[in-house]
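See structure below.
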C-alpha cells in the first residue's frame, strides 16, 4: 500500500464564545463546503453546497433511544414518577452544546485485492465534533469526512458512565433537498430490494408507491414515501446526488422516508422482531451516511467514497486465494421452468434424515444430475471458464419454500442422482472448480447450526466459492432481512468462510456498503432485481442504465448476464416472458455491471448457436487496472472502458434504455504510439430488444489513441468492444483502421 498522509489536528476547547459557533469544512478541491452548527434548541445541523449550489439545505442530526426497561436493580433505580427525567434520556437529538472540535486531512493510495482499478485514492478533510448534553451528562461525536466527490458522516458513542448500553428507537438523520428533484427509486422495504426502478419527481413518489410495490417472496414495505438507498437523484440545475451508507456493521440497514411537503428525507432503520432498531454497547459507532454529488453523472459512477469509508482488508493472505471467477451454471433452465431443483414430485413433505428418496419416483426434470453437470463441466473447460455452479443438488427442495420450516436443508446430503465424489474428480481432471449453492430458505438459525460442517464439506470436495441464498421470511420469525441481527449474520458467514478460504456470493442479503474492502472474500452480492426476473415477466428496459448509479455504488453485483435466447418459451413453452435486451447489450453488461464474479447465465446449447458473439464473454476480463467512464446518464445510457489487469488490453461496454443511444467514441485513453486490434460487437441496424433481439454485427479493425468511432445502440440494446494490443505487426495484417 502506498500512503501519503498529512495529519493536522486542531483542538478547540469548549470556550463559551465559540461553543456553538458555525464550523465549515471544505473538500480538498474546495468545490464542496459543509457547514455545521448547533441551533438554538441545541440540535446538531449541517448543510452542504457544491460549487455554490445547494445540495443539502439545513438539516438536523440525532437519534432517539428506546425508553428504559421497567426491570431494574437497586443499583439502577429511576423514580417511575419522574416521567420528564425518564423521557429526556431517550433524547439524543437536541440539548447539545459543542464540547470540542478536531480537524484533520488524510491522503493515501491503497490497492484493492480486486477491483475496478489497481489503486484507489482516499483523500478527505475531516471534522469531528464532540457534543455534550448537560441534561443527561453524556457526549457523542459526529464525524464528517469531505471528499472531492461527496460527504460521509457518522455518529460515535464514547464509553461513559451515562451512556453504556442503549437501544435505538430511531435514527433521525435528515437530508433536506433543495427542490423537487427527479429520483430513480425503489420502495423502502425491510426484506427485499428486488423491485423495478421508478423514475419520477420526489413529489410523485406517494402517488406511484402502490404500483411500484410488486409481489416478492418476502417483503415489508413501511411507508407511502419510503425509498431505499442507494438513492439517485438529478436536480433541475444539473446536479447529480446519491444518498447511501457505508460500512454497515452491527447496525440496521438505513432506508429513507420523505417528507414530501418539505422535500426532506430522514433515515428510517430496519426494526427487529420487537420493533427495536439497534442494540448498542459503547464504545461504538453507526455506519457512515454518504452523499455523493457532481455536475457530471460519470463522477457518481467513479466515486469510491463507499470503499474508502470502510476499514482496510482484515484477511492477511486474501490475495493468495481470493480470485475473480468467470462461471457457468445449472441455473437458467430451472429459472425458466424447463428444469427442476426438486428430485421428485411425489413428496409434499420432507424430513431430512427420515425421508427415503430411493423409494420415490424421479420427476425426470431434476437438473442437478451427474450426467448433466458433467456436460456443463465439459463446456466450461472447453471455453476457458473457471467454475460451474450447481443449484438443486441437495435434499430438501420438495418443500423448501413457504412453510416457515426450520430444519430445511443440511447442506451436505446430495440427491441420489448427484454423485459428489465423481463430480469432484471429473471437474478436477478438467481444471474446473465447482461452485457450491447454499439456499437457506431464510432459516438462518439452521444455517448457522450447519455452517462449519457445510464449509468443511466444501473444502473436502473441491469447492472454493459458495452462492448463498435467503429466499423467504426470516427464521427466527419476525426478524427482517435488513435488521441488525441479520446484518451480523451475513458478516459472520463471510468471516467464517474466510477461515476455510471460501469466497461468498450472497443473494437476498442486505445491499452492499463497501464491506468487500475489509473482507474481499465477499466477492459477490445480488441485492437487487437481477436477470432472473427477465424470466418472471421482465425488467424495465432502462434497468441496467440505473443499477450502476444505485445498487452498484455499494459494491459489485452478481447480475448473471449473457442470455442469448431471449424468448423464454423456447426453453419452456409455458413461459411467455422475454428478456428485454438485445444480444449486444448482454455482452456489454460484462463491462458496465462491474463484478469480479461473472456468470455466463444461458445454457450451453444457446451459446453454441452464437459462438461468434460468445467469444466476447470468453475474452472479457474480470479484474481491472483502470476504468474510464466515457458517457453516462441515468435511465438513458452508460458507456465504460476498462483496462484489464496487468495488460494493455481494453474492453468497452454500452447499455442503453428505451430511446437507444448513439455514441461518439474517442479512444484517447489508449497508449500513444501503439496499435490495437478492436473487435466490435454491435446492434444491427434493425435490432430491437422486442422485435429483433438477436440481430448483431461483428467487425474487426485497427484502433489507436487518435481513433474516433460512432456506434449506435438500439432500444434496449448496446455494444461491446474488445481492444487488444498489437504485439506483432503480423497480427494486424489485412485489417483496416476503424
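Just so you know, glycine gets a Cβ as well, placed from its N, Cα and C.
Features as listed in Swiss-Prot:
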type	residues	note
SIGNAL	1-21	signal peptide
BINDING	194, 508, 526, 532	Ca(2+) binding site
SITE	194	site 'Substrate'
BINDING	215, 216, 217, 437, 438, 439, 507, 508	substrate binding site
SITE	331	site 'Substrate'
SITE	467	site 'Substrate'
ACT_SITE	532	active site, proton donor/acceptor
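Locations of recorded Swiss-Prot features on the structure.
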residue : record                 : contacts (Cβ under 8 Å, 6+ apart)
215     : substrate binding site : none
216     : substrate binding site : 191, 192, 194, 195
217     : substrate binding site : 192, 401, 471, 472
331     : site 'Substrate'       : 389, 391, 560, 599, 601
437     : substrate binding site : 389, 390, 391, 392, 393, 394, 466, 467, 469
439     : substrate binding site : 391, 400, 409, 468, 469, 471
507     : substrate binding site : 467, 468, 469, 470, 471, 525, 526, 527, 558
508     : Ca(2+) binding site    : 192, 218, 442, 469, 470, 471, 481, 526, 527
532     : Ca(2+) binding site    : 335, 560
Recorded positions: 438, 467 - member with fewest neighbouring CB atoms within 10 Å: 438
Reduced DSSP assignment, residue 532 (Ca(2+) binding site): helix
Among 194, 526, the one of these binding-site residues whose Cβ has the fewest neighbouring Cβ atoms within 10 Å: 194
Cβ-based neighbourhood (8 Å from the centroid) of the Ca(2+) site, residues 194, 508, 526, 532 excluded: 192, 193, 507, 527, 528, 529, 530
Longest CA-CA distance among 215, 216, 217, 437, 438, 439, 507, 508, per record bound to substrate, angstrom: 25
